[in-house]
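Chemist: Here's a structure for you.
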Amino acid sequence: MSFTTDLDFALRADAEDALAPFKNEFHFPQKNGKDVIYFCGNSLGLQPRNVEGAIQAELDTWKQEAIGGYFGGKNPWLFYQDYSKPTLAKIVGCHEKEVTVMNTLTVNLHLLMLSFYKPADGRYKIMMEAGAFPSDQYAVETLVKHFGLDPADAIIEIAPRDGEKILHTADILSSIEQHSSELALTLFSGMNYYTGQLFDMQAITNAAHKAGATAGFDLAHVAGNVPVKLHDWNVDFAVWCSYKYLNAGPGAAGGVYVHERFASDSNTPRLGGWWGNDEKTRFKMEKGFVPKTDASGWNISTAQVFNMVSLNASLELFDKAGIANLRAKSVQLTAYLEYLLQQLPNLRFEVITPADAGSRGAQLSLFFKERGKEIHDKMIENGIIVDYREPGVIRVAPAPMYCSFEDVFRFYEILRDHF
Ligand SMILES: *Cc1c(COP(=O)(O)O)cnc(C)c1O
């Protein structure tokens, strides 16, 4: 696609976009009497129109069948954590038995780290990117303290080179190798929330395994944004939330992936509860935990039906659109945004997100050397929702499911005409 700076280009691109009709499947907040342009799907995705009916259906089942809802109704609650597996497996690239939904992200991160982090004499360190999302930093800090270790010693943070903002894969890999005798776990985000850098998960996993360590990832900014191949890449475990690109709403049940070589092994350590126990024996209430031999063996409590229903509704749209088609559009949409930004000679800013499409997803993080907050406020005033983080970073994430080329053009137009 070769871009031009006129509105006609955007309108033509939208007319040719097979995914354009999906915009109508979402509710948009209103500003100045019209739908806002929403570039914040990396923080909280919009509400799909089919969610309300799906929630109402479960309310009706509860109202009409009460306890019978576990076994009857349209979607028996007993198996509720299973309904999202087929689509999620496509989105994160794994077998259905390697994925489940439960709890929320940071809780799942703790649970999975408790399964996979086994500090031993000499091998007890966890490597992560410096500047990871705070919740991940807190989780790792408190986990090592839980094992009686000193975070300053047990956590290795990989920082960008002096004066740079993104990490070189080569630096990550060489650090893993350098620490190979003491490394127990690598825990990187699939994509850094601030810079939008997508990490080479396959290379990190290979290097971690070569070093004798386990590789886990937090895919909060990847799930529903960039398709990955967790199984083929041999990733050990991964967790993600469902309310960012997956559009399942605040507090929606989070996703968990466990590679089948661990998921099928009932001896893989875990903190258990009855929902992870084989259904055949669950209600016998007998002694002895018999985990299911798939990722659902990590389930602990009763399926959180009302935190899963919107996820299932949203995943119907992903199934219809196709994650590969969404990615193809997203690559174009983000490249178009970048192209338009390059046509603004008067603005002093830097795109801190990698320029290579293979190292980023829908998000561009723009570091404005001046007037960042002013630009953000002007966008909001004009009905364009973007996110601002000190010092001067505006994160713009045109999610391909409901953002158009025209939306991106309108963002550019405000910068062009007012700054
Ligand atoms: C959004 C996000 C979280 C939030 O975690 P919750 O437990 O869902 O509140 C954690 N980690 C990363 C990397 C995130 O992007």
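Every residue gets a Cβ built from N, Cα and C, even glycine.
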Chemist: What does TrEMBL list, out of Thr169, Thr186, Thr293, Thr302, as binding the same pyridoxal 5'-phosphate as Leu105, Thr106, Phe133, Pro134, Ser135, Asp136, Asp218, His221, Tyr243, Trp274?
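Modeler: For pyridoxal 5'-phosphate, TrEMBL names Leu105, Thr106, Phe133, Pro134, Ser135, Asp136, Asp218, His221, Tyr243, Trp274; of Thr169, Thr186, Thr293, Thr302, the listed one is Thr302.
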Chemist: With the pyridoxal 5'-phosphate site defined by the record as Leu105, Thr106, Phe133, Pro134, Ser135, Asp136, Asp218, His221, Tyr243, Trp274, Thr302, how many Å span the farthest pair of C-alpha atoms?
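Modeler: Greatest Cα-Cα span of the listed binding residues: 31 Å.
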Chemist: Please report how many Å separate the Cα atom of Asp218 (pyridoxal 5'-phosphate binding site) from that of Lys244 (N6-(pyridoxal phosphate)lysine), as a whole number.
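Modeler: About 13 Å separates the two Cα atoms.
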Chemist: State the three-class DSSP label for Tyr243 (pyridoxal 5'-phosphate binding site), counting H, G and I as helix, E and B as strand, and everything else as coil.
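Modeler: Note: Tyr243 (pyridoxal 5'-phosphate binding site) is coil by DSSP, not helix or strand.
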Chemist: Taking the Cα atoms as reference points, how far is Phe133 (pyridoxal 5'-phosphate binding site) from Lys244 (N6-(pyridoxal phosphate)lysine) in Å?
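Modeler: The separation of the Cα atoms works out to 14 Å.
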Chemist: Please list, in sequence order, those binding-site residues from Leu105, Phe133, Ser135, Asp218, Thr302 with the Cβ less than 6 Å from ligand 1.
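Modeler: Passing the 6 Å Cβ check against ligand 1: Leu105, Phe133, Ser135, Asp218.
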Chemist: Which of the three DSSP states, helix, strand or coil, fits Thr302 (pyridoxal 5'-phosphate binding site)?
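Modeler: Once the DSSP labels are grouped into three classes, Thr302 (pyridoxal 5'-phosphate binding site) ends up as coil.
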